[in-house]
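Beneath this line is the structure, given in structure tokens, with notes to follow.
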Amino acid sequence: MKLLLENIKELVQVEDQPVLFRAGKEMAKVNTIKNAFLIIRDEVIEDFGPMDQLKDKYLDDDLLIEIDCSNRLVYPSFCDSHTHLVYAAPREKEFVDRIKGLSYEEIARRGGGILNSAKLLHETSEEELYESAMERLWEIVKMGTGAVEIKSGYGLNTEDELKMLRVIQQIKRTSPICVRANFLGAHAIPLGYKNNPSEYVDIIINEMIPQVAAEELADFIDVFCDQGFFSVEDTERILMAGLKYGLRPKIHANELGLTGGIQAGVKYNALSVDHLEYVGEDEIAALIDSETMPTVLPGAAFFLNMKLSPVREMIEAGLPVALASDFNPGSSPSGNMSLISAMGCINFKMLPEEVINATTLNTAYAMGISESYGSIARGKIANLFITTEIPGIEYLPYAYGSNLIETVIINGEVQNF
Ligand code: NIG
Ligand code: FE
């Protein structure tokens, strides 16, 4: 089947010669076509261009469904390269504890936080986890996300980590959007191993990783390498073990301090290092010329009132930056990538164009899928959205409280929610 989107006021993030990501000054460049058409055949983008080049043959094709996009913009779907959207229950009580003055780390030390989510996950069936995660997944699809990475990490023992990863696999099989699975057995140190974390690391290495690999349950491996969580030494042991089984790292680093997590990620050729509230010259130097995508999570910084990652310095140093939601019950209970885009502009002083690259192409790279997602390019998967009537690309991050996404197309099919 063919779909023709016509009279598009502005077709955004168009590529004739696709690149894998954009870095430094290039991040401020987004190609667009005004008064454009776009043709989708089956699940793939077939052609696009200015309306006056729309060939007559397409108009005679009776298998063609036409959508008039007058006054509307068309964007490639967001790619959200960092989420924890499989979880048993929200943690709004901890939200109130933090309002009253407790810190995220204090809550974690008392057995709240990630450990609290692990306890709840243990008590919840795979079916229930799947159902609630699919509700969240549909919620983000509605909000314009067309590819998502999902982490484990609320299991924290072999059985429950595998259970979580199987739920993610079931989501992968049944979800209309592209899903990538990340094994995060090293998300927190379980209470029983508090005084001997390396024993838990041994379990991750000797039990969990071989089983995750045997059942092909994950695309990536993650570690929360930070103060009070996993040390650089333990992180390196885990990443090395994962690499032996073909699991490429994509890790949490430098959220709580200058811990060396970024350097450890680069050393093991991580596809991305994520959070990055604490970044200095050494971290920037390590990232330059690496294949690792620096990924910032504005929702977590906003929700936990954290120090902001020096995004401008990183871009000015020539680095690429990606922005993801970190959708999770503890530090970022939202997967709204339009809101993340607004935060990119408002809090991190990114230009609207930089934010578009950071939430589409660069996050696609951070999931290893930028050859098929992240821009409007011939042959890429037709995951995109049509906005309401808006004046231009600045308006989306500007009108941060409005829902400006009117129509979502996934794999070339218009979604009816
Ligand atoms: O990315 N920083 C570590 N992990 C998550 C938080 C998970 C939670 O609090 O449940 C994050 O922010
Ligand atoms: Fe996270």
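Heads up, the Cβ atoms here are built off N, Cα and C, so glycines get one too.
All TrEMBL annotations are machine predictions without curation.
Copied over from TrEMBL, here are the features:
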BINDING   HIS82, HIS84, HIS252, ASP326  Zn(2+) binding site
BINDING   HIS82, HIS84, HIS252, ASP326  Fe(3+) binding site
BINDING   ARG91, TYR154, HIS187, GLU255, SER331  4-imidazolone-5-propanoate binding site
BINDING   TYR154, ASN328, GLY330  N-formimidoyl-L-glutamate binding site
DOMAIN    303-413  domain 'Amidohydrolase-related'
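The Cβ of ARG91 has fewer other Cβ atoms within 10 Å than any other of the binding-site residues HIS82, HIS84, ARG91, HIS187, HIS252. Nearest by CA distance to ASN328 (N-formimidoyl-L-glutamate binding site), out of the binding-site residues HIS82, HIS84, ARG91, GLU255, is HIS84. It is ASN328 that, of the binding-site residues ASN328, SER331, has its Cβ surrounded by the most other Cβ atoms within 10 Å.
The 6 Å Cβ screen around ligand 1 retains ASP326, ASN328, SER331 from the binding-site residues HIS82, ARG91, TYR154, ASP326, ASN328, SER331, ordered by sequence position.
Sparsest Cβ environment among the binding-site residues GLU255, ASP326 (other Cβ atoms counted within 10 Å): GLU255. In this structure, ASP326 are the binding-site residues from HIS187, ASP326, GLY330, SER331 whose C-beta falls under 6 Å of some atom of ligand 2.
Most other Cβ atoms within 10 A: among the binding-site residues TYR154, GLY330, that distinction falls to TYR154. Across the domain 'Amidohydrolase-related' (303-413), DSSP assigns 34 helix, 19 strand, 58 coil. Note on the domain 'Amidohydrolase-related' (303-413): its mean pLDDT in the predicted model is 98.
Cα proximity to HIS252 (Zn(2+) binding site) (within 10 Å) is found for none of the binding-site residues ARG91, TYR154, GLY330, SER331. Comparing Cα positions, ARG91 (4-imidazolone-5-propanoate binding site) lies closest to GLY330 out of the binding-site residues HIS82, HIS84, ASP326, GLY330. Rounded to a whole number, the distance between the Cα atoms of HIS82 (Zn(2+) binding site) and HIS187 (4-imidazolone-5-propanoate binding site) is 14 Å. Considering only the residues assigned to 4-imidazolone-5-propanoate binding, ARG91, TYR154, HIS187, GLU255, SER331, the longest pairwise Cα distance works out to 20 Å.
If you compare Cα positions, TYR154 (4-imidazolone-5-propanoate binding site) sits closest to HIS84 out of the binding-site residues HIS84, ASP326, GLY330.
Here HIS84 (Zn(2+) binding site) is positioned 10 angstrom away from SER331 (4-imidazolone-5-propanoate binding site), judged by their C-alpha atoms.
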